[in-house]
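Feature annotations, reproduced from TrEMBL:
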- Gly239, Glu277, Pro278, Gly279, Arg280, Tyr375: pyridoxal 5'-phosphate binding site (BINDING)
- Arg280, Arg316, Tyr320, Glu348, Tyr375: substrate binding site (BINDING)
- 29-373: domain 'Orn/DAP/Arg decarboxylase 2 C-terminal' (DOMAIN)
- 35-284: domain 'Orn/DAP/Arg decarboxylase 2 N-terminal' (DOMAIN)
- Lys60: N6-(pyridoxal phosphate)lysine (MOD_RES)
Amino acid sequence: MDHFNYRDGVLYAEDVPLSRLASEYGTPCYVYSKATFTRHFRAYTEALGSQAHLICYAVKANSNLAVLGLLARLGAGFDIVSAGELERVLAAGGDPAKVVFSGVAKRADEMERALQVGIKCFNVESRPELERLNGVAERLGKVAPVSLRVNPDVDAGTHPYISTGLKDNKFGIPVDDALEVYELAASLPNVRVVGLDCHIGSQLTETAPFLDALERLLVLMERLRERGIEIEHLDLGGGLGVPYRDETPPQPFDYASKLLARLSRWEGGERLTLLFEPGRSIAANAGVLLTRVEFLKPGETKNFAIVDAGMNDLIRPSLYQAWQAIVPVDTREARDSALYDVVGPVCETGDFIGKERELAIAPGDVLAVRSAGAYGFVMASNYNSRPRPAELMVDGEHCHVVRARESIESLWQGEALLPAQEV
Ligand code: LLP
């Protein structure tokens with residue numbers, strides 16, 4: 001459930017008409033709903049009830065400071081994958097003691113900063129990373145809390161680019177090698193084993209792969225227990241899907257109740273702290289991208305609706321052939337309906353926002369691309385020297401600019417001409 005709804009033919013974010021935001025702040029722009037972020041976050045905490053847990057929002061999904069600050073106030077932890085994400089969390093008032101650090105290529109300086117601020121856990125993805133972390137911690141006179149990110153080799157049944165838990169993915173430590181790497185971790189003086197972690201993929205629409213992964217992790221935890229290695233927290237990653245079109249992914253409640261039922265039949269399950277790293281299921285349907293129709297271009301085989309947002313603003317359709325709903329913001333005026341490919345201004349054939357969409361539109365109309373709160377702005381670029389869009393956060397009847405539209409001058413900030421020379 002989200003807070004983007006039509007009232008008398010006009011699409012609103014909470015109590016603000018999106019047509020007004022498009023006129024006031026220009027297009028393209030991202031619009032988020034505070035109430036929707038809050039609701040989606042709380043769906044997790046409520047689903048977990050009395051089981052000890054920490055919801056570590058995956059910062060990569062939407063790392064705007066206002067989003068991070070809101071979630072921090074709601075009690076969220078954070079899953080980060082870079083020093084940049086760590087600094088964002090700190091700048092937004094997030095608690096470093098609730099941060100877990102994922103990613104296959106953590107640099108020594110990133111480890112150092114994370115140790116200095118005292119993060120909750122490093123999700124270690126390989127043996128050499130473990131050795132590097134032990135070395136960095138030793139140099140600082142610290143002990144690094146670690147989980148191993150295990151690759152349970154389950155098929156998440158999702159798009160190959162966002163499936164991460166299979167044997168041939170670069171992520172994690174194969175489940176069959178994990179025991180050995182845990183034994184190494186237990187023997188190293190400057191790391192301390194605290195958890196076990198996995199993340200099998202993104203946009204999962206079934207609970208079965210999560211439960212398969214849990215089963216394999218429980219077997220591993222029993223083997224670890226036999227060797228005297230006790231796991232305090234189990235991190236099941238992110239990955240819960242969202243309805244983009246007609247998918248019916250499980251709600252956090254369905255997902256959590258199945259996990260909790262399984263854990264209640266496992267010795268010590270009720271004492272485990274459960275961690276989750278949801279990104280998309282919190283952010284995607286808490287945001288839309290507003291874009292204006294520049295031209296309608298009828299063709300022999302296709303009609304094009306040319307809009308002012310391109311693949312540089314929202315790359316998911318081009319990169320993953322992702323389908324996101326495209327709807328007119330104001331439906332009050334009658335229009336002829338036709339089938340359009342909705343395309344952007346970027347000089348690439350792959351620059352489209354949606355294909356074969358039935359739309360009743362005219363030039364100048366504003367469209368909302370739904371489900372754009374996750375992996376939207378964060379994946380935007382300046383390709384074709386296009387300033388990145390503004391980001392707005394609606395709260396009831398108020399709207400806050402949470403990132404100003406980039407200026408043209410900012411495009412070459414940090415660049416330099418060569419010293420004057422004779423040619
Ligand atoms: N934890 C780890 C270690 C991850 O790699 C990811 C996402 C998450 C958590 C959050 O997963 P979520 O709950 O959002 O599914 N750009 C792609 C999605 C890439 C996801 C990468 N990892 C897209 O736009 O569909």
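Cβ coordinates come from backbone N, Cα and C, glycine included.
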Integer Å distance between the CA atoms belonging to Tyr375 (pyridoxal 5'-phosphate binding site) and Glu348 (substrate binding site): 21
Of Arg280, Arg316, Glu348, binding-site residues neighbouring ligand 1, Cβ under 6 A: Arg280, Arg316
C-alpha spacing of Lys60 (N6-(pyridoxal phosphate)lysine) relative to Tyr375 (pyridoxal 5'-phosphate binding site), in angstrom: 7
For Arg280 (pyridoxal 5'-phosphate binding site), the one of Lys60, Arg316, Tyr320 that lies nearest, given that the recorded positions are compared by Cα: Lys60
Among Tyr320, Tyr375, the one of these binding-site residues whose Cβ has the fewest neighbouring Cβ atoms within 10 Å: Tyr320
Alpha-carbon distance [Gly239 (pyridoxal 5'-phosphate binding site); Tyr320 (substrate binding site)] in Å: 16
Least Cβ-crowded entry, counting other Cβ within 10 Å, from the binding-site residues listed as Glu277, Glu348: Glu348
Local Cβ density at Arg316 (substrate binding site) - other Cβ atoms counted within 10 Å: 21
Residues within 8 Å of the Gly239, Glu277, Pro278, Gly279, Arg280, Tyr375 Cβ centre (excluding the pyridoxal 5'-phosphate site residues themselves): Ala58, Lys60, Ala61, Ser202, Gly238, Leu240, Ser281, Ile282, Ala283, Ala374
